[in-house]
Amino acid sequence: MEEIYAKFVSQKISKTRWRPVPSGSLQTTETFATGSWDNEENCVSLWSIGDFGNLDSDGGFEGDHQLLCDIRHHGDVMDLQFFDQERIVAASSTGCVTVFLHHPNNQTLSVNQQWPAAHYHTGPSSPSYSSAPCTGIVCDNPEIVTVGEDGRINLFRVDHKEAVRTIDNADSSTLHAVTFLRTPEIVTVNSIGQLKIWDFRQQGSEPCQILSLTGDRVPLHCVDRHPDQQHVVATGGQDGMLSIWDVRQGTMPVSLLKAHEAEMWEVHFHPSNPDHLFTCSEDGSLWHWDASTDAPEKSSLFHQGGRSSTFLSHSLSNQAGVHQSLVSSWLSTDPAKDRIEITSLLPSRTLSVNSLDVLGPCLVCGTDAEAIYVTRQLFS
């Protein structure tokens with residue numbers, strides 16, 4: 001892999017996202033967005049990856065990511081998603097959801113639309129109204145789904161002032177993240193280790209399926225769906241474990257993979273090469289998981305700068321009887337036969353790596369050490 005380039009940006013980065021390339025386009029992405037948190041003034045920013053430069057004083061490569069534009073954001077940026085080429089949706093710790101519009105002609109961002117009280121607490125234990133953080137968003141034009149600390153799920157449509165659908169008491173605990181399983185189904189993860197599937201075609205406030213971690217009810221912080229096999233879902237939790245789920249069968253994960261030493265903040269399947277998966281953690285690490293069958297001799301060791309530590313996997317379900325070619329490499333991982341290769345992508349441990357995104361050969365991540373890291377050569 002080409003060197004990973006760092007740029008120090010004087011703000012803690014909570015979210016990083018590549019701008020999608022137009023469908024059918026052969027170009028690689030050039031632009032990414034970031035959101036910040038825990039700063040005196042937070043903002044949403046757009047960057048161009050530009051040229052990569054020289055060695056810095058620490059011996060690392062200094063990236064020449066150019067700031068295109070930024071705009072103030074009220075509250076911490078809890079999540080960030082591109083809605084389309086021009087619009088970015090941001091979730092705030094104030095409970096507000098904002099759509100920002102990028103104007104490429106003069107390189108500015110403006111507020112395009114806003115739902116100021118998408119998430120809020122009510123009831124005897126809170127004032128008659130108090131804001132609740134919006135913790136996660138997912139977009140599928142023209143729809144935006146949001147989840148929050150208030151256990152509420154909202155379905156918004158761009159250009160509609162009010163929510164199209166709200167499930168007020170979707171969860172009695174905090175919802176941490178959401179993604180589409182297949183339209184109009186979504187999957188959410190919560191603070192008591194549950195993965196729930198919701199179908200917007202059904203009325204009422206009950207999920208159509210609940211899966212959960214057995215035992216300790218470890219909070220789940222992140223979720224992603226396999227881009228080709230929509231029944232395969234990955235989650236990461238407070239204990240740093242990576243869980244792989246098959247929502248067609250059972251109520252527990254298919255496999256649990258021992259991973260980070262602290263909270264896993266994000267997990268992403270590579271959108272066009274989903275045998276590759278990426279995770280980042282509070283422990284300051286960013287990992288590339290390779291489950292592809294054509295990888296060289298698989299090793300059960302985790303490689304990082306000459307050090308290795310053992311890698312643990314145990315499968316919780318038997319895949320017998322399922323035609324092997326139809327089984328995702330993530331479901332067929334038998335530790336006795338297959339190995340998943342894990343590579344640490346950052347040159348050294350840092351403060352929390354809060355967010356990552358992958359698109360084509362490009363990866364970006366953001367940290368509490370006020371740095372953004374980028375590589376454009378993931379698989380070389």
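From the backbone N, Cα and C atoms, a Cβ is placed for every residue, glycine too.
If you look up Swiss-Prot, you'll see M1 marked as N-acetylmethionine.
Residues or ranges marked as repeat 'WD 1' in Swiss-Prot: 8-57.
Look at Swiss-Prot and you will find 72-110 tagged as repeat 'WD 2'. Away from its own ends, the repeat 'WD 2' (72-110) comes close to residues 14-20, 22, 33-38, 41-44, 46, 116-120, 131-139, 141, 144, 146, 148, 150, 154, 156, 158, 177 of its chain (Cβ-Cβ under 8 Å, at least six residues beyond either end).
Annotated repeat 'WD 3' per Swiss-Prot: 119-166, in sequence order.
Residues or ranges marked as repeat 'WD 4' by Swiss-Prot: 170-208. Residues of the same chain lying 6 or more positions beyond the ends of the repeat 'WD 4' (170-208) and with a Cβ under 8 Å from any Cβ of it are 79, 135-138, 140, 143, 145-149, 151-153, 155, 216-225, 230, 233, 235, 237, 245, 247.
The annotation repeat 'WD 5' is assigned in Swiss-Prot to 215-255. Cβ atoms under 8 Å from those of the repeat 'WD 5' (215-255) belong to residues 174, 176-182, 187-195, 197, 209, 261-269, 271-272, 274, 277, 279, 281, 283, 289, 313-317, 328, 330-331, 333 of the same chain, restricted to positions at least 6 beyond its ends.
Cβ atoms under 8 Å from those of the repeat 'WD 6' (259-299) belong to residues 221-229, 234-242, 328-330, 333, 338-346, 349-360, 363, 365, 367, 373, 378-379 of the same chain, restricted to positions at least 6 beyond its ends. Swiss-Prot lists 259-299 with the feature repeat 'WD 6'.
Using DSSP to sort the residues of the repeat 'WD 1' (8-57) gives these counts of helix, strand and coil: 0 helix, 24 strand, 26 coil. Across the repeat 'WD 6' (259-299), DSSP assigns 0 helix, 17 strand, 24 coil. For the repeat 'WD 4' (170-208), the predicted model reports an average pLDDT of 95.
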